[in-house]
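Report on the structure given below.
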């Protein structure tokens, strides 16, 4: 069986876990390069021990590697700012980009919900860890009835939050809230992240709240259960923590600050409680927030590879001048922002 060669930019925890997942789990992808900016990083050292070609010269180092022309997909596990520069540097080379940062140059993708709609996109964005975990649940409700308001709270172990996560809390909330609307189908979206310092570290847990129009509660529950099973197909540690709660919205409950004055009041308050345990390929099992990102990215790249659609150069971001493909991106931290 032929394989698609891929590269990972970002030799931090996310990039290293992704590399190991590709090597252990994928029969259609072949890791061809690990790219970083810190020659002493554990990710580059581990890649070298595994005989994976490496470079510590950022995206320009990737372009200069002998096998670069054979690479079809590039994962970017750096930061939102770095991804803008990396995408520009790679724009003329016909590579498919899978963006694990909040940059969102390309369309938001949650594999269980909308991947099939974006198989021809040259650059796809994996939203955030909270988005990958919770948006499927909002989408499950919205395919049964209209969701007037969708809110998620992602609680992750403080130990699993690196400098990229901590420096990009605003980007997390903004990107996730927007994707709740665009991908999840909610009229209004809101996202909150909690870094829990508990010891021992807690497994990722997520709470999803939907204010939805009238529908049969059994249909809503069935849709949620089916969607959870679909996500668990590529994230084995993904599960409903307890029974879905569906309660009527009190006629006197104030909702103006959530949904405004327009339209009828929602009929149901739907609460979903999730747990995401990591597979511990490289990261600890409690780091389900990181594992769901790498698992979703792997699933996405495999589907893009199978689709075989020709990649097109993605245009330079608005307000950013297009650069020659030979221009290197500015080196920045290799910690992905979740």
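Cβ coordinates come from backbone N, Cα and C, glycine included.
Residues or ranges marked as active site, acyl-thioester intermediate in TrEMBL: 129. Taken from TrEMBL, the feature NAD(+) binding site applies to 11, 12, 13, 14, 160, 161, 162, 163, 164, 165, 166, 167, 168, 289. Taken from TrEMBL, the feature domain 'Semialdehyde dehydrogenase NAD-binding' covers 5-121.
It is 14 Å from the Cα atom of residue 13 (NAD(+) binding site) to that of residue 129 (active site, acyl-thioester intermediate). Neighbour counts of Cβ atoms within 10 Å were compared for the binding-site residues 162, 164, and the top value is held by 164. Here the domain 'Semialdehyde dehydrogenase NAD-binding' (5-121) has, by DSSP, the following mix of helix, strand and coil residues: 53 helix, 25 strand, 39 coil.
Pairwise Cα distances among 11, 12, 13, 14, 160, 161, 162, 163, 164, 165, 166, 167, 168, 289, the recorded NAD(+)-binding residues, top out at 18 Å.
Between the listed binding-site residues, namely 11, 160, the fewest other CB atoms within 10 angstroms of a CB are found at 160.
Model confidence over the domain 'Semialdehyde dehydrogenase NAD-binding' (5-121) stands at 96, taken as the mean pLDDT rounded to a whole number. Within the same chain, the residues at least 6 positions away from residue 166 (NAD(+) binding site) whose Cβ sits under 8 Å from its Cβ are 195, listed in sequence order. Here residue 129 (active site, acyl-thioester intermediate) is positioned 13 angstrom away from residue 168 (NAD(+) binding site), judged by their C-alpha atoms.
Residue 162 (NAD(+) binding site) is 13 Å away from the residue listed as 'active site, acyl-thioester intermediate' when you measure Cα to Cα.
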